Amino acid sequence: MVIRDQLGMERTTVAGPYSEGDNIKLRCDVYGGRPTPTVTWYRDGVAMVADTKYMPLGKHLRSEIALGPLTRQDLHTKLVCRASNHARANPVEQSVQIDMNFAPLNIRLIGAHQPLSAGRRYDLLCQSAGSRPAASITWFLDGVRLDKSKETTSADGNQTTSTLSIVLNRTDAGKYLSCKAYNTYVQSDALEDGWQLDIQYVPDASVRLGSSLDPDAIREGTDVYFDCIVKAHPAVYKVEWKHNNKTLTRNISQGVIVSKHSLVLQGVSRTTAGNYTCVGFNAEGEGSSPTFELNVMYAPTCAPNQPRVYGVAKQENAEIRCVVDANPPDVEFKWTFNNSAESIDVQASHISRLGTSSIVSYTPMTELDYGTLLCSATNKIGKQRQPCVFHIIAAGRPDQVHNCTVANVSMTSLAVRCYEGFNGGLAQSFFLELRDSHSQEMRFNNTSPVPRFTVPNLHPSAVYQLAVYAFNSKGRSEPYVMSAATQRLPEKQMKDSEKVERPRSPLPLTPTLSIAIGLAAAVLIGSCAIVLALKFPCGASGRRNKETAQGTTVRTSSPGPSDKSVASKEYDGNESDEKNPDVIPDTIDSDDQMEYIKRRQHISTIDTNSPSRLLLTTTAPNQTFIGSSMAAALHANHSSTLGYCTLRNGTPQASNSITNVSMCHMPSTFTTASHTTCTLPRHPVTAGTGPVVPGTLTPNAHHWPSYGGTIAGVRNITAISVTSNQGSPAPPPPSAIAMQHLGPTARTRVCIGLPEDEVSADTPLMMKRESTV
């Protein structure tokens, strides 16, 4: 039994491969068998209709079947040809399977229809399925096949994936990228998928000068404007301008105006010249334009940082270099010498030029050759406005350094820094000498082009003297001298065996205990202060009040600090009380002694030294006087003369009597013989007539008004009426003091003690004089 295809090719296991839609025929030839066998075809176990006939030439039976058109479901269909001639005999059969080739069913470009960024590498995928065998995938960009793709096939062979690695640029925007899948074993059209590329890229910018401007004819003061031409996808959202890689911002005061894609520079100068760029920003990033060099032409000016003072000795040749800044740099120089006497142009033979610099050879011969050299240059833009000025001075030694400081002091090193002075017209260097302050031995010296030094290898705890000099070829300056000391070595600690532990207090001093002790001490001190304050002021005040209340006797002498019982004597009127052991005399404390000494130097009292004093020692019971009591009959004989007074330095014992004013009336019973011990001139006075003694009050009908208050310690003061024989009222005393009326014919004497506030350095001191009459 043999199965053959329509081409007569024997098929043992597989028939095909066939393509989808093919119509095929298979025949089964059966040889031998008696009786003649029956031939049957089965398709997947189902009998098929076949055309069977006997072939006499071959002496065999042939059974033929027709299939078609084939579909994908016919793949691997099993066809069986079976022959049998007896029911009890085993049938003979032969089988084959249909093999087919399929074209790709689909194709898909993964990630299609999405924007891509220029300059970035992408791995694009194209997948195809349904092809048998696996499909072939190819890539095309605007019809141009792309290589360098890789294909992979799934395990079942049904799906094929192709990967294309590609870098696109902005020129690929709008091109069509596609992939095609096809089966070479199937005569069918290839499947294709693709899309038109959307390429996004960073801005492509360029700077363009204003169309009305000539880039080769821009001078200082010209207004310049630029445009930024930007191509970008997506569109830019910001444009920046940069000058020499520094971002420009809107500054109208400086003439910089930024408006969208434009830049305006008003009144350009040489500092405005340089490289300008514009930068565009979009979602892809920032794109900078190529630089645009703005060339601004200007007249020459002096270049900065060049020597301006030259120190030159007589008959010494000096080369003075003048450097200018000019654009264009093609310049011509002119030199002029100027001193206090004249101005002279330097000859061209002494001038050399190299680019924008010029050198003049100058040799001063006399004092008049020292002065100023002026250098000026000219180019096609104009002449230099301010010439370069160089001062030619007589060379000399440099000035002394100043403001030297010592820093970074350690045990073995220190640093010195100074500020240089004038170099004398020549290049200067600096020299440091360091000596031991005690032995003056040189420890270190060094030379430096700058006044900064570091001194190593010193001894700890040593004092050094430093001198810094500046020197040039003409000599050295005066030294700047200072002292410095290195740090001491760290002190060694005592050994543990040498340490002596202090005995600890049996009662630890805690914060609570400290506060309690402090409070107790404060209470104790406060109590003592209160006791002292209550004791001493009250005692002194009591004594003063007692003397004021009881002191009705005019003191006959000024008590001193050593007088123990003067007040007691005057109060009692006899000496028996002084000798009474039961009476404790008053003592004057230290405060009263000091006050006594102070007042004794400035206050004088008026007291009597006449026999009338005996009468003053007894007090009239019905009379009151100011300052002290008087024991005399005030209304006795009116024809007697006034008593005489003695001036005496001193102060009352009680402070309240300092301001007392005493008016002592002399009785008429005093005779002339009883007035012999008086220092004042004697003026006999009669009732209503006679001269008026200065300082006394004469009878008159005028009355001084009474004063109701207290005056400087005076407690009870009554009005006194005093008349004058001259018919005019006597002026009141400096302070309003109430007086008592004594009668029209009373003879009086007035004893006035100056108040404490009226005593000054101008108050004359009065000495006691005894009467010689």
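Glycine is treated like the rest: Cβ placed from N, Cα and C.
All annotation found in TrEMBL is predicted automatically rather than curated by experts.
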TrEMBL annotation (region 'Disordered') - matching range among 485-507, 669-691: 485-507
Top Cβ-contact partner of the domain 'Ig-like' (203-295) among 20-97, 104-192, 397-492 (pairs under 8 Å): 104-192
Seg_contact(the domain 'Ig-like' (300-379), the domain 'Ig-like' (104-192)) with at least 3 CB pairs under 8 angstroms, min sep 6: no
DSSP helix/strand/coil residue counts for the domain 'Ig-like' (203-295): 3 helix, 51 strand, 39 coil
Within the domain 'Ig-like' (300-379), residues counted as helix, strand or coil by DSSP: 6 helix, 45 strand, 29 coil
The domain 'Ig-like' (20-97): DSSP-derived helix, strand, coil residue counts: 3 helix, 43 strand, 32 coil
